[in-house]
Amino acid sequence: MHCDVLWHNARLMTLDAGDGGLGSVDDGVVACQDGTIVYAGPAADAPPLQASHVHDCQRRWISPGLIDCHTHLVYAGNRANEFEQRLRGASYAQIAAAGGGIVATVRATRAADDAALLAASLPRLDALLAEGVTTLEIKSGYGLTLEDEIKQLRVARQLATLRQVEVVPTFLGAHAVPPGAQGQTYIDAVCQEMIPAVAAQGLAEAVDVFCEHLAFSPAQAEQVFVAARAHGLQIKIHAEQLSNQHGAALAARYGALSADHIEYLDQAGIDAMANAGTVAVLLPGAFYFTRDTQLPPIPALRAAGVPLALATDCNPGTSPLTSPLLAMNMAATLFRMTVDGCITGFTREAARALGRGNRLGRLRAGMQCDLAIWDIDAPADLVYRMGFNPLHTRVWRGHPC
């Protein structure tokens, strides 16, 4: 069999084991043709392979490229001053009353043109790529007007032309009520004007909504889901982060790809997600940064068979995090997730959360050849160590980059 590229003398995390674990292979090879894996597995079982380019991995570990399935990466402005204010005792309400909070990011994002927004976002993207990310989702939600939401989505797509990475854009117009607007009037505009325009221009694959007492009600979230479905867009939700609004169960009834945060999720929501195949996306960075104490119901989610993904939730207000490796450590330390669970959360299950489980997140024939090659002794090193980046090579669609 001929192939473009062959990586050999490697240890593999295939993420393709029947038991749902890492699918480790001690002496493995990965063969790629035209950006697609044609063989991944034990060297002893490989067919005869003739490669144009051969890489001796010298016993390094190869995993699928990491997937960050929940980010708000495209925004302008800096809210480090709010962090200082909170450390000095200011409340979120006091900061918001002084013009801070999400309104500050909305103001800065609206004021930035495409070039400025791109320049602000590229370093954050590069930080993710430096730790092995090959696919990421980017949400809008800091424009809150049709023009500015489209600007964010346009910049998200432009990022993918400047770096070797797959960007999955999500429309999050229902992130917050913009200053001076009335909630229901704004949601009507999201559903009647913004979603049709975003869909017509092909700017997003999915629609997200922040369903919470300080954002949008379940009834308003359902209105968004109906509009999304009518325009052929997938559904996601920020749910049960601060209280149980039963948003995850609602989203599951609409076949949502994922429900994210879910600290206050109840058993009915878990059951609904399990029945719908909706992925739980856990966001330990936000949990850590906001000093939350309400743990997501991980044992119950596992027992119900709900897939558990992880993400950085990169955003300026509650998770200014651009390190998937640190997010794994946070998930292990704060959520008591296993090493296997942390790694599957940023690979196989993250792919499912983006509707890409059929082509990303595993090493097997037919999958896209997105790889992360690591200088580590064991997979646990990816989760155990902090401030440590052992990435040797990132491979996107068969090309080392």
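In case you wondered, yes, glycine gets a Cβ from its N, Cα and C as well.
The structure displayed is predicted, hence computed values, not measured ones.
DSSP assigns Asp313 (Zn(2+) binding site) to coil, not to a helix or a strand. Asp313 (Zn(2+) binding site): 27 other CB atoms within 10 A of its CB, across all protein chains. Annotation source Swiss-Prot lists Zn(2+) binding site at His70, His72, His238, Asp313.
Per Swiss-Prot, Fe(3+) binding site is recorded for His70, His72, His238, Asp313.
Among the features that Swiss-Prot reports, 4-imidazolone-5-propanoate binding site is placed at Arg79, Tyr142, His175, Gln241, Thr318. The Cβ of Arg79 (4-imidazolone-5-propanoate binding site) lies under 8 Å from the Cβ of Gly100, Ala104, Thr105, Pro316, Gly317, Pro320, each of which sits 6+ residues away along the same chain.
Counting only same-chain residues six or more apart in sequence, the Cβ atoms lying under 8 angstroms from the Cβ of Asn315 (N-formimidoyl-L-glutamate binding site) belong to Thr71, His72, Tyr75, Ala286. Summarising the annotation, Swiss-Prot assigns N-formimidoyl-L-glutamate binding site to Tyr142, Asn315, Gly317.
Note on proximity: among His70, His238, Asp313, the binding-site residues of the record, the Cα nearest His175 (4-imidazolone-5-propanoate binding site) is that of His238. Across the fold, the C-alpha of Thr318 (4-imidazolone-5-propanoate binding site) and the C-alpha of His70 (Zn(2+) binding site) stand 13 Å from each other. According to its DSSP assignment, His238 (Zn(2+) binding site) is in a strand. The two recorded residues Asp313 (Zn(2+) binding site) and Gln241 (4-imidazolone-5-propanoate binding site) have their Cα atoms spaced 13 Å from each other.
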